[in-house]
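Taken from TrEMBL, the feature disulfide bond applies to 18-141, 55-61. Residues annotated as domain 'Peptidoglycan recognition protein family' in TrEMBL: 19-161. The domain 'N-acetylmuramoyl-L-alanine amidase' annotation in TrEMBL covers 30-167. For 1-16, the entry in TrEMBL reads signal peptide.
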Ligand SMILES: *[C@@H]1O[C@H](CO)[C@@H](O)[C@H](O)[C@H]1NC(C)=O
Ligand SMILES: [Zn+2]
């Protein structure tokens with residue numbers, strides 16, 4: 001029993017606190033139509049909101065992931081969802097371009113950042129604790145798995161381009177997290 005506990009503690013250290021990540025295959029996303037490999041570990045993490053509908057169940061978050069991906073592919077004409085990952089208030093992470101593909105979420109930062117977007121609009125409220133924890137755990141997971149530099153800089157989308165993203169309330173919260181630099 002003790003050695004099992006020790007083993008899981010060691011695994012948690014080795015792999016960081018990875019949240020539950022649904023791969024694109026698991027949420028039924030479309031395959032990317034093109035891909036540019038990204039050099040990792042990246043130096044930046046950029047946080048977004050989708051400015052769409054929030055979701056608190058896996059079923060509803062899958063619908064949001066599909067809606068974002070369809071919008072980015074059909075209307076914007078992109079190869080895939082623009083974000084590296086999407087996060088729901090169900091506490092799950094939904095894979096977009098993933099850890100090692102160049103994204104389409106923040107001009108000048110796409111090839112050197114992980115872009116994480118929370119489903120919903122956070123101008124006047126924060127994402128719930130489950131979503132906030134999932135974002136923070138995803139970042140530590142990326143660091144421990146070697147996709148994000150341990151010296152990474154955290155930014156809100158509004159700090160790299162003219163946009164209100166990720167919303168006033170959520171932006172203030174993100175600005176209080178470790179390694180944030182406007
Ligand atoms: C970052 O965003 C905040 C809030 O909108 C703004 O006050 C600040 O000037 C921005 N900083 C940079 C460097 O973009
Ligand atoms: Zn954004």
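Heads up, the Cβ atoms here are built off N, Cα and C, so glycines get one too.
Structural mapping of features recorded in TrEMBL.
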| residue | record | DSSP (3 states) |
| --- | --- | --- |
| 18 | disulfide bond | coil |
| 55 | disulfide bond | coil |
| 61 | disulfide bond | helix |
| 141 | disulfide bond | helix |
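For the disulfide-bonded residues given as 18, 141, the lowest number of other CB atoms within 10 Å of the residue's CB is seen at 18.
Each of the disulfide-bonded residues 55, 61 was scored by the number of other CB atoms within 10 Å of its CB, and the largest score is that of 61. Geometry remark: residue 61 (disulfide bond) versus residue 18 (disulfide bond), CA distance 19 Å. Rounded to a whole number, the distance between the Cα atoms of residue 18 (disulfide bond) and residue 55 (disulfide bond) is 21 Å.
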